[in-house]
Amino acid sequence: MGAQQVRDGFEELYGAAPEGVWAAPGRVNLIGEHTDYNDGFVMPFALPHTAVAAVSRRTDGVLRLHSADVEGGVVELRVDELAPGSDRSWTAYPSGVVWALREAGHPVTGADIHLASTVPSGAGLSSSAALEVVVALALDDLFSLGLRGWQLARLCQRAENVYVGAPVGIMDQTASACCGTGHALFLDTRDLSQKQIPFDLAAEGMRLLVVDTQVKHSHSEGEYGKRRAGCEKGAALLGVDALRDVPYAELDAALARLGDEEEVRRLVRHIVTENERVERVVALLESGETRAIGPVLVEGHASLRDDFRISCPELDLVVDTALANGALGARMTGGGFGGSAIVLAEEADVDTITKAVTEAFASAGFTTPRVFEAVPSPGAHRLP
Ligand code: ADP
Ligand code: MG
């Protein structure tokens, strides 16, 4: 849905033109999975798919919310009555952002919000962060809060952790707020220091495909929390603040110290090797050896499948089929248990790979996957 449609939708709902319209993208993570709650490295880039919000300020403490993508009318709330854990519907994401801003002392006195998103929901492409960041940026602009991208990301993460109740790391929100066109974002999630790494595949005759398996994951419960708790246990057993602090060169010694904690040992091995893979991908991209990142992506997938154990048959089928049909590299991306995989391929091989993956899914009796090309796109911004 375009900006004009969202603007028109707002006017129809609320009877006046919005003060402005903003967009925030979904993301794919090139490499660095589940490292963000271990103070580690990640490397996302923004998708062309965005959440778009038309917003006006209010001064009477009322918050009105509407999504073009959800059944039902306008939801009306009072900003001073927003409370964590009280809302189980989609409105918890934008309300949580308002709550987090007010908790941090920012004078957000109400708003009318209408939004629509082209980021597929529950596909591991971070529709939730896009929703949070677009609302945060709009309110930052309208109430002249002067917050930086990383500050908005922190507030959005707090909204999702505390208000929505999903124990997610900081990657998705930072990606949506801070990514840049034609670049991947090398982010240190410990201090949020970041570096834009040129990532223009088309110029080098390559493409990056996203294959949405259509298998819905659910972040807020179960397995994600277990992995997170297991990583924290590993850090505690090793006497470090976070698994980020285990140097790659000392991995074997660290694993030996974990004794018969087989489960924890696998989680630790994934996190420590994954951080090293991010650093390797950064070095390869910076030295212009883009094709050489392919095998690193494949290593990352094996680690997520065998050590972290968060892949699923559909994701493995994408990776195996793509590689068997000439892909340079492929891996699952996002939280796991469904969602999407990415495939790095020569331009000339894209059609063959797409067809092969689609046919493999049909043969396996899986739902037809959605395949699209991901071009590194702008981070959150105000629309004209
Ligand atoms: P992901 O972020 O990987 O897409 P999540 O489970 O974290 O998956 O977030 C998906 C949730 O975000 C949806 O269940 C819904 O509550 C909310 N959401 C996403 N897009 C929209 C939208 N366009 N309108 C309303 N809510 C949305
Ligand atoms: Mg999400």
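Cβ atoms are placed via backbone N, Cα and C, with glycine included.
For reference, TrEMBL has these:
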type: DOMAIN; residues: 10-57; note: domain 'Galactokinase N-terminal'
type: SITE; residues: Arg27; note: site 'Transition state stabilizer'
type: BINDING; residues: Glu33, His34, Thr35, Asp36, Tyr224; note: substrate binding site
type: BINDING; residues: Ser67, Gly122, Ala123, Gly124, Leu125, Ser126, Ser127, Ser128; note: ATP binding site
type: DOMAIN; residues: 93-180; note: domain 'GHMP kinase N-terminal'
type: BINDING; residues: Ser128, Glu160; note: Mg(2+) binding site
type: ACT_SITE; residues: Asp172; note: active site, proton acceptor
type: DOMAIN; residues: 284-362; note: domain 'GHMP kinase C-terminal'
Query raised in the report: How far apart, in Å, are the two Cα atoms that lie farthest from each other among Glu33, His34, Thr35, Asp36, Tyr224, the residues recorded as binding substrate?
Result: 13
Query raised in the report: With respect to ligand 1, which members of the recorded positions Arg27, Ser67, Ser128 satisfy a Cβ distance under 6 angstroms to one of its atoms?
Result: Ser67, Ser128
Requested in this report: Going by DSSP, give the three-state secondary structure for Gly124 (ATP binding site).
Outcome: coil
Query raised in the report: Of the binding-site residues listed here (Glu33, His34, Gly122, Gly124, Ser126), which is spatially closest to Arg27 (site 'Transition state stabilizer') when Cα positions are compared?
Result: Ser126
Query raised in the report: Rounded to an integer, what is the Cα-Cα distance in Å between Asp36 (substrate binding site) and Asp172 (active site, proton acceptor)?
Result: 9
**Report entry** binding-site residues near ligand 2 among Glu33, Ser126, Ser128 (Cβ under 6 Å)
**Finding:** Ser126, Ser128
Query raised in the report: Which ones in the same chain are close to Ala123 (ATP binding site), with CB under 8 Å and 6+ residues apart in sequence?
Result: Asp212, Gln214, Lys216, Gly334, Gly339, Ser340, Arg370
Report summary line: Taking only the CA atoms, the spacing between Asp172 (active site, proton acceptor) and Ser128 (ATP binding site), expressed in whole angstrom, is 9
